[in-house]
Amino acid sequence: MSKLVHAQWSSKMTFVLAAAGSAVGLGNIWRFSYMVGDNGGAAFVLVYLACVAVVGLPVLVAEWLIGRRGQKNPINAMAELAGKNAQPKAWALVGASGVLAAFLILSFYSVIGGWSLSYTLGSVTGTFTGQDADGVGAIFEGLLGNPLLLLLWHTAFMALVVWIVARGVVKGLEGAVRTMMPALVVLMVVLVGYGMTTGHFGEALAFMFRPDWGALSGDVVLAAMGQAFFTLSLGMGIMMAYGSYLGEDVNLLGTARTVIILDTGIALLAGLAIFPIVFANGLSAGEGPGLIFVTLPLAFGNMTGGMLLGLMFFLLLTFAALTSAISLLEPVVEFVEERTPLTRVMATLVSAVAVWLLGIAALMSFNVWPEPVMFGLNVFDLLDTFTSKILLPLTGLGAIVFVAWCLDRRSVAAELNLTGGSEQVWLVVARYVAPLGVILVFVNSLLG
Ligand code: PHE
């Protein structure tokens, strides 16, 4: 009996850890902070929070629900559920666009994962000790300007991902997530504490939470929505795939709330750690993708015990990036494995090499190939923009519309433990508010 209870608890816990492992990653720290900086601060943050609550939560629940019912990979799960509910098979496209998004995202994600690896090593060797803003900036420029070095780190990161997936130690990582995630939170709090000593914490608070609504544009809103999807690993079938491991007894809404609070909390802490350093050193908040790499080393290089803290921070960040990257590789491998005669190991290798090649094009954007290739964007920005602002929201829209409109209303309410008033709220949000929100954001940004 006790064994049974424990087994259940551990599978539930495993699920939460796996979902949190995918959600918490570079998106919370690297991407969130640079998006906030690039998009004018508080107005972006508040729209982002609204998107997480109003769109992110229902889409997350919808993806898990589809996965749990479909019990298959995202494409087949969508196809089968559509068939069962007398809907066109074309719904499978929702799963397919997710696989494409995962492939594209992993390519540039691995490049940034490489930066994080490189900074882990830099912390060990004391590269940042005593550096000022110019010194730290020069170190970062040195990394970006060296395509071979970037290639090396990108390759090292992808190799780690493949090694973990191929050795089948993904399960073992869940134990690590359980200790590393809290450690990351503690370190972020320490960094926020450091931010408070800079004398510019109030400025950072105002930047993040006192909105200048004039800074708001259609594009800022779209960026905020894209960030909500990206950081929660939505719109890619990943959460659907995780849902297929879910027991009937898991409370989807409650679990979604836990994952979202953790994910959002880490992002906000990252902002509160980074912006005081930006203002204290006269740096620009709109620094772009390099933001955390030219700010945090300043803190580590100038505080007591900073070398150790820096090492721990970049190690934990790399670890968080790895658990997210593994979840990104999985749908691609699954797809290749199912559509070709390749074995699991070969499918993993082939997928990884394809991702790695595209990553090379992405990393060249920072040095030898900065020119725009389409819509005025270079390869890196194009990959990031096309996935987060278009593919993810569209796929997520498909998931929520499918659950809210195509599945039997009663059974969905029962599955979510909703009755009476709460069922009405769910219906209004899932049927109208969330889908219309996504559509309006699109239309609004198209109109400029
Ligand atoms: N959510 C992850 C992060 O914030 C990135 C990711 C996106 C992972 C999409 C899986 C799918 O870093």
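The chain as shown is numbered from 1 upward.
Using N, Cα and C of the backbone, Cβ positions are placed for all residues, glycine too.
Annotations in TrEMBL come from automatic prediction, not curation.
Per TrEMBL, the feature transmembrane segment maps to 12-30 (among others).
Annotation source TrEMBL lists transmembrane segment at 42-66 (among others). Beyond the ends of the transmembrane segment (42-66), by six or more residues, the same chain brings 35-36, 74, 77-78, 81, 206-213, 215-216, 220-221, 223-225, 227-229, 231-232, 234-235, 237, 239-240, 242-243, 246, 252-253, 255-257, 259-260, 264, 268, 271, 396, 399-400, 402-404, 407, 412, 415-416, 426, 429-430, 433-434, 437-438 to within a C-beta distance below 8 angstroms of the stretch.
The transmembrane segment feature in TrEMBL is assigned to 90-112 (among others). Long-range contacts of the transmembrane segment (90-112) within its own chain (CB-CB distance under 8 A, at least 6 residues past either end) are made by residues 25-26, 30, 73-79, 81-82, 150, 154, 157-158, 161, 230, 235-238, 240, 289, 321, 324-325, 328-332, 335, 351, 354-356, 358-359, 361-363, 380, 383-384, 386-387, 391-392, 394-395, 398-399, 402, 406.
Under 8 Å from some Cβ of the transmembrane segment (150-170) lie the Cβ atoms of residues 110-111, 113-118, 143-144, 318, 321-322, 325-326, 329-330, 333, 345, 348-349, 352, 355-356, 359-360, 363, 366-367, all in the same chain and six or more residues away from its ends. Per TrEMBL, transmembrane segment is recorded for 150-170 (among others).
Distant neighbours of the transmembrane segment (182-201): 24, 29, 265-266, 269-270, 272-277, 279-280, 296, 299, 303, 309, 312-313, 316-317, 320; these residues of the same chain sit at least 6 beyond its ends, with a Cβ under 8 Å from one of its Cβ atoms. According to TrEMBL, the transmembrane segment annotation covers 182-201 (among others).
Long-range Cβ contacts of the transmembrane segment (221-247) within its own chain (Cβ-Cβ under 8 Å, at least 6 residues beyond either end) map to 8, 11-12, 15, 18-19, 22-23, 27-28, 31-32, 35, 38-39, 44, 47-48, 51-52, 55-56, 59-60, 63-68, 70-75, 77-78, 94-95, 98-99, 101-102, 105, 259-260, 263-264, 267, 324, 327-328, 330-331, 334, 385, 387-389, 391-396, 399, 437-438, 441-442, 444-445. Annotated transmembrane segment per TrEMBL: 221-247 (among others), in sequence order.
Long-range neighbours of the transmembrane segment (259-283) within the same chain, counting only residues 6 or more positions beyond its ends whose Cβ lies under 8 Å from a Cβ of the stretch, are 16, 19-20, 23-24, 27-29, 32-33, 36-37, 45, 49, 52-53, 56-57, 60, 132-133, 181, 184-185, 188-189, 191-192, 194-196, 198-201, 203-205, 207-208, 231-232, 291-292, 294-296, 298-299. What TrEMBL records for 259-283 (among others) is transmembrane segment.
Residues 18, 21-30, 102, 105-106, 109-110, 112-113, 116-117, 119-120, 122-124, 126, 128-129, 157, 160-162, 164-165, 170, 173, 176-177, 180-181, 183-184, 187, 190-191, 194, 233, 236, 238, 242, 296-297, 348, 351-352, 355 of the same chain sit 6 or more residues outside the transmembrane segment (303-329) yet have a Cβ under 8 Å from a Cβ within it. The feature transmembrane segment is assigned by TrEMBL to 303-329 (among others).
Beyond the ends of the transmembrane segment (349-370), by six or more residues, the same chain brings 103-104, 106-108, 110-111, 114, 144-147, 150-151, 154-155, 158, 161-162, 166, 329, 332-333, 336, 342, 378-381, 383 to within a C-beta distance below 8 angstroms of the stretch. According to TrEMBL, the transmembrane segment annotation covers 349-370 (among others).
As annotated by TrEMBL, transmembrane segment applies to 390-407 (among others).
Positions annotated as transmembrane segment by TrEMBL: 428-447 (among others). Counting residues 6+ beyond its ends, the transmembrane segment (428-447) has Cβ neighbours under 8 Å at 51, 54-55, 58-59, 62, 218-219, 221-222, 225, 389, 393, 396-397, 400-401, 403-405 in the same chain.
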Per the Cβ filter (under 8 Å) with a sequence gap of at least 6 from its ends, the transmembrane segment (390-407) is approached by 55, 58-59, 61-63, 65-66, 69, 78, 81-82, 85, 87, 91, 93-94, 97-98, 100-101, 104, 225-226, 229-230, 234-237, 240, 427, 430-431, 434-435, 438-439, 441-442
